[in-house]
Structure formats: structure tokens, C-alpha cells
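According to TrEMBL, the protein carries these features:
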BINDING   G17, D82  Ca(2+) binding site
BINDING   H367, H372, H529, I652  Fe cation binding site
DOMAIN    2-121  domain 'PLAT'
DOMAIN    120-652  domain 'Lipoxygenase'
SITE      W106  site 'Essential for stabilizing binding to COTL1'
Amino acid sequence: MVKYIVTVATTDLATAGTVNNVHIKLVGTDGESERTWLISLKGALSFRNGSVASFTVSCPVSIGKLVLIEIDKQPLPLFREDSWFPAKVEVKSPEGDTYNFPIYRWITDNEVHRFREGTALRIFEDNHHLGKYSREQELKQRGEDYRWDVYVEGIPHCMKSRGPLDLPCEVQFSFTKTTEFLFTASTGLVELGLKGLSGSKENWPNIDAIDRVFCCKRTDISDYVQEHWKEDAFFGYQFLNGVNPMLIQRCSVLPKNFPVSDDMVFLRGPHSLADEMKKGNIFLCDYKRLDGLKTNIINGKKQYLMAPLVLLHKTPDDDLMPIAIQLKQTPADDNPIFFPTDSEYDWLTAKIFVRSADFNEHQLNVHLLHTHLLAEVFAVSLLRNVPMVHPLYKLLVPHTRYTLQINNLARGFLISEIGVFTQFAASGGEGMKTLLKRSLSSVTYRSLCIPDDIADRGLEHVPKFYYRDDGLKLWDIIHSHQRKCCKISDIFEHGFLSQAGTGIPESFTTVAELVKFATMVIFTCSGQHSAVNTGQYDYGGWMPNTPISLQRPPPTTKGTTSEATMLQTFPDVNTTVQGMSTVWLLSRQSTDFVPVGQYPEEHFREKIPCKLMEDFQGELQVLSAVINVRNKSLAAPYTYLDPKVVENSVGI
């Protein structure tokens, strides 16, 4: 008889352990072991959460190189079946070789589950008599578990499920994540001290009333926002380092529908618009995707959402200052262009309409579409098409953690017919669907790759652009870590609806193409999501800086605004507090948060990949240190791309 030493590790999640009987069969190139009950003196404690237990499996003769294990668990008599989340199985053969079988999946039934050896031995693929354990069989099963569905025609497809509990167990929230998320979601208004205001459909009587509500929950950045929200320099700064740094672009020629001339604008120094455009000092933000959207009805009142054009000038002091705002796309007598030289409330009202437009553009296009929906496409495609032992699966699967469930919840509680966004945002409802479709039609591969996107928008040399500085460094670190390949036809079809002209590759012909694509996926799911998500309460908690909706039309003539009209334009009290509660929830980090570059699930055990991961983590630590040193000198530190706070996946 020969003996195999089997070591089983159970994850440390709160409910990961099992008291069921666990059985194993070893499958090798020269035979199989008998199905063996894994029993030890520890009894049921062998498989409690966080445990590591060793067992012996005996065979008459060696079964060759191990390629696969079969695991099943059976409930004890009179006991119910429970769920088990094993981490991995390690087997030491009588020849002295060690084989690793990563699992990291919930086992919830008494069926046989098969897991291949982690190094994906080629000999396994070449043994046709083991066909029932083949890559095709694995992917066939996963194709049944992870199926495509259409939520709304014209936007990226999603995973088919009836709700969060219908998702495969291994992609659901942990017990910790579930508990914290549900608590925050259900008590958000209470935590913020807003419970008594959620039913108020009144206007805000004055700014002090908004301040009293806001004081219940604040951050260092939100305090800074409240203090500086009226200032032009801060208004311009947010286009670079707020939660939506994706719209601004260098302007070399004024749009024909934005008739600004030298005699209208004030530029510091003896400069003309043409001269400053040639020097690269003029920038444009164009919200044309919002033009003509059908807006919401909230509290029985029509809401207003503009499609502004904003012109900005980089001053000799390296500040980005707004110099002209047109609130509608078509020039007209009743669509004046506003300037900093206008009256205080004319100019401030124009900026408020821009900030509200930015909220809707950011939430639906920059945040929901560009990170959440695309991350779901990447996740489902990976889980359907790439075997668990494939190196690319091991590289990318950590970046899919929690994404399928958080998106499922978003469809149920944020953008559904009864969702918060649908009920309380200016673009909620029909306008939301229109904007998502418009946004997808403008997505290109280059727009998802930050080096290309920055170059295409002409922003390589803009000062004080910390999103760019930190994002490019993070991209480079991720890019250097990617070396393997994946199948992506599903991404082209289900994510971008097979649209020609997007530049999304359907296949790869070089390693460099593959590396760039994998980098884009990881950066989108980690750094980009963090950049456009984490600061939502920082910049949106103080409502006047980022109104979720506005309920008066913009002024059609100058000189008709005041503090009173501004307050009447702001969203009602209940709309405000619902918006505050939502961005509070979406900005909260769970205690089982995993930062980018950390891999608590050990999918890789080979020496070279493990060494590469150590190098990757070291480079991320250096970047974090550089960012922290830089931030010490900033009045409003930019932290959203610090690897210590960047989550590995779209998990919130």
C-alpha cells in the first residue's frame, strides 16, 4: 500500500465550516483512489472555519501524477445539509511530490465536485480517457451556471439570475459583507441623522438648514467642499480630481454651438482665446449626451437637467478657472452664456446646473456603465470561458469579487422602477435608459485605457491633475504584471453589443495586445472604479455642490436670480436626503475589503507567479508612499488611487 497525505484548508469566513462528512477521491494519470471518508480525531472540527486538517488516503499502488480530486460531503443522520467553503487541498504523494488544488468555492449540496491540479498539467489535457474531467466539461457546467441576460436593450448584457440568492454561492457576498451592507443600507438615513426628513417634500428654507443636516456626518474632504463650493478655482479643480475626471478635454477649436468671443471672456494677461488655445491652456466640458433627455417628475414637480458647455482656462498660477458656461446645446436669445463677471447668483446658478448635470453624467456613464456594467461583462465572460487552472483565470478572478451581487442589488434597488436613482435623480426613468444607450455608443477601447484616454483628451501636461498622475502609475504597475492570455469573444458580443468601430479586440495576435487588454480589465475593476466611486460622499454629501436633481428651469435672462431662486431650484428636502444616504452607502468600505494586489485566495502556488505577485505588491507599496508624501502638501488630498484604498474589484 502507498499513502497520500491530504491537507484540507477551510476559509476563515464566518459561516465557511461544515459538520457534514467529507469524502475525497484522488485521480492520477495511472489510476484513481477509492472514495475515502476524511476522518480524524478532531471529528467535525476538522472542517470548521479557518481550520487546516491532514488525512491519509491509501492506494494499493501509485496512481501516477495527480491531476484532479473529487470532493463530496454528506450530512450526518438526523442532521441537515450545510454549506462549506474550502480554500484548497494539498496532496503529498509517496514519491515526494506536492500537488495543490485551489477551490475557493461554496459546496452547498451532496453532489460530487471536481477540481483540477493548480498548475494545469498538460499531461491531463492529453489523456483522452479522462474526458469527463476535461476543460470542455468544466466550461460546459460553468456556462450553465453563468448565463447571459438582457436587462435593457442597448446596454451591456448582465448575468441571468432571479436575485442575489440565485447567484452561484462562490460569487455571493460573504456573511460579513452581507451583514454590513444590509445594515448600512437600512440605517443610512438614521446614521446620517436624516430619518425625520425623508418624507419632507418642502423646499430648503435657507443654506443654514442644509448645513444643520450635513453636520450629522462629514469627512475632511466634505468639509473642504462645503467651505469652497462657490469658488471658481474649486469648481475647475473638480473636473480634474473630483469623482468625474473623465469629461474634460483640451480645446483647440471652439464648438460652433458655443459662440464665445474674446470680448466676452476675461483672461488674465494680454491673451486672446486663439492664442491660449494654441498654447493648450483652454479646456472644454461638453455634456451633449444629456441633451433632450426626458426628465423625472419628483414630488409631483417636473425636474430640470441641462446639457451644458463649460469653457475653462489654465491660469499662469496653474489653476483651472471657468470662463464661460452655456446651459443648453443650441445658442439662442433665451440661452445666455454666463460669465464670472455676471451677478453673483447668475454665475453661481449656472455652476449649480453644471454640477447637477455632472452628477447625472457621472452616475450613469462614468460610474455605472464604465465600471459596474463592464466589470460584470468581464466577470461573466471569464467565469464562462476560462478554466480555473488557467493562469489568466488566476490573475483576473480576484478582480471579479462581489461584482455580480453588487450589480444585482443595483438593478433591484437603484435603477429599477422603484429604485432610489429612478425615483429621485433628474435623469431617472426613461431618461436614464436613453443616457446609458448614448453612453455605450461612445465607448471605445482607447477610452478604457488611461494612457490612451489622457492622450486623446490632450491632458498630458495639465498641472495638478492627480487622477492622471496616480492613475498612469497604477496602470504601469498593473501592465508590467500581466503576461498571459484569455478568450474575449463574449466581451465583444455581450459588453459592446458587437458594435464595429469601438476598437474592442475580438482576438489577439500578439502578447502585447493581450497584456494591454488584461491591464484594462484589472484597472477598470480596481483603480478606475475607486477613482469614480470612493469620493462620492466627499464631493456629493454637501448637496449644493452636487444636486441629484433641480426643480426650476435655468434663467433665460440675466439678472433674475437671487438666493431665494437658488433655494427654490435645489431639490426638495426628501430628494436631498435620499441622495445623501445613497452616496453615503456607495462610499462605504466593508471590513472584508481586499486592496488591489492582495490575494487572500491562493490560486497561484508556482514559484514564478508568486514571486511576480510579491514584486507587484512591492511596487504598489512604493506608489502608496509617493502618493501619501504628495498629499501632505495638498489642501484637499487626492487619495482615491492610493493602492491602500483601491479595492481589488467592483464590490460596492
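Backbone N, Cα and C define each Cβ position, glycine as well.
Nobody curates TrEMBL annotations by hand; they come from automatic prediction.
Shown on the structure are the features that TrEMBL records.
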residue : record                                            : CB count, 10 Å
G17     : Ca(2+) binding site                               : 23
D82     : Ca(2+) binding site                               : 15
W106    : site 'Essential for stabilizing binding to COTL1' : 19
H367    : Fe cation binding site                            : 23
H372    : Fe cation binding site                            : 24
H529    : Fe cation binding site                            : 26
I652    : Fe cation binding site                            : 23
Checklist line | Minimum Cα separation from G17 (Ca(2+) binding site), reported as the residue among recorded positions W106, H372, H529, I652 that achieves it | finding: W106
Check: What is the interatomic distance between the Cα atoms of H367 (Fe cation binding site) and D82 (Ca(2+) binding site), given in whole Å?
Finding: 38
Next item on the list: Could you round the CA separation between W106 (site 'Essential for stabilizing binding to COTL1') and D82 (Ca(2+) binding site) to a whole angstrom and send it over?
Entry: 10
Margin query: Beyond the listed site residues H367, H372, H529, I652, identify every same-chain residue whose Cβ lies within 8 Å of the center of their Cβ atoms for the Fe cation site.
Written below: L368, T371, A375, I406, V532, N533, L586, V650
Next item on the list: May I ask for the distance between H529 (Fe cation binding site) and D82 (Ca(2+) binding site), taken between their Cα atoms and rounded to an integer number of Å?
Entry: 35
Check: Between D82 (Ca(2+) binding site) and I652 (Fe cation binding site), how far is it from one CA atom to the other, in Å?
Finding: 28
